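Novice: Structure below; questions to follow.
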């Protein structure tokens, strides 16, 4: 029985059909002896061996899942000996293509010769073993290739034959990949570990919530690419080559998470309480079952957990991080005021700008080739909606080191993370006679006990030092004198409190410059 591939489907190693190749791609058919002297019997993708070598065996045992920057092996078997057709074989190529409209112009379709030499810097095919009836070919994807679902075709003369389909992912094991992570224990934790812990509660009573990320369940990888497809449609982004960039992938996923899970704004009688979710796969599958309408409901830890699952599945090292006492929606200000009545009821008019007991976000690991070298490494990424004056409602990826240094001009959204973990919350009591007085404990400090699950254990690891210098060191020491000498706010009627505004200053100077001039302003009042 001849297994040469015809029509628009591929044949996998176990005989199951591959995914449909879009009609925009060259139609696959048998390469006949009359046309080129070649007739393909079958193509063996060596799925078990390749998936093991590429650390994707947990994703699938039936489909080829490989990582960029690392070769994979295929064997093409012919129906008859091919040694009589060597001249034709010199003009034999492989083609890889991805996206809805593959094109050589935009790099989503690449054709390359089958030769005796491979090239790790670009798509290449090296003939590893040659026999009259079969070829063993090593196919290499460059470390900067776009991730996605690919078709692999053989091109001989004027004929094309679809050999099959495969999925290409980021590769944290490859030094040339932007998501390369040198430590194997960390790769095991932040890519391959499907179980985790999310911390919440208060800084003095930390609670551990087990979570199943399930990033390698068979259908999750397809859901992740569906999520990317829909995200790109919402952004009206048709440039499929952007998928080579982990920054782009992170921002696309962060923008989509809130379309996957809707936030809890009141009672949850028409959905699931955020605290009832224990894993990501039920949420993602329900999203697909709802025809990609938001699942009800989630809060910050649910958003972060789902995003962690998606990014780990795609090959980006990711972890979930919790910070206790978090200033939310401060509009980059380092001061937050909360007003209470004499019975302790919150009166703050801008209820979106307040201090949360805890907040959960993500960190993803990558090289930031667009920034200074010291800003590569962990990047903070927050899918929870921010009420920003412009731009996307999510934040990041922001270099954690830039947050620590207070370098608020760095992309993306360093100023929001910086303010959230360095703000001071002043608590005021609004008395019955309209007078405003500071509470006995009148200041809360944010950004305490920033924590994540430690590598290889269930221990809670404090990573606050990654985000903040100890008191008396770093950027804070420049302003200690100014901050501690600010005059205490006098008891004033609520309506007479007018805070200073520096719109021009804030648009041209970094956040810490604004802090300095604010201190000067208060001194001269």
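Note: Cβ is positioned from N, Cα and C throughout, glycine not excepted.
In TrEMBL, annotation is done automatically, which means it is predicted and not curated.
Predicted, not measured: the structure shown is a model, and the values here were computed from it.
Found this in TrEMBL, in case it helps:
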ACT_SITE  300  active site
ACT_SITE  359  active site
ACT_SITE  382  active site
COMPBIAS  14-33  compositional bias 'Polar residues'
DOMAIN    292-385  domain 'Transglutaminase-like'
REGION    1-33  region 'Disordered'
Novice: Hey, how far is residue 382 (active site) from residue 300 (active site), Cα to Cα, in Å?
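Specialist: Residue 382 (active site) and residue 300 (active site) have their Cα atoms 9 Å apart.
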Novice: For the domain 'Transglutaminase-like' (292-385), report the average pLDDT of the model, please.
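Specialist: Across the residues of the domain 'Transglutaminase-like' (292-385) the model's pLDDT averages 88 on the 0 to 100 scale.
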Novice: Among all the protein chains here, how many other CB atoms are within 10 A of the CB of residue 300 (active site)?
Specialist: 23
Novice: Test of understanding: give the count of other CB atoms lying within 10 angstroms of the CB of residue 382 (active site).
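Specialist: Other Cβ atoms within 10 Å of residue 382 (active site): 28.
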Novice: As a test of the contact definition, list every same-chain residue at least 6 positions from residue 359 (active site) whose Cβ is closer than 8 Å to its Cβ.
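Specialist: Result: 300, 322, 323, 326, 328, 384, 420.
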Novice: Counting each residue once, how many in the domain 'Transglutaminase-like' (292-385) are helix, strand and coil under DSSP?
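Specialist: Tallied per class, the domain 'Transglutaminase-like' (292-385) gives 18 helix, 42 strand, 34 coil.
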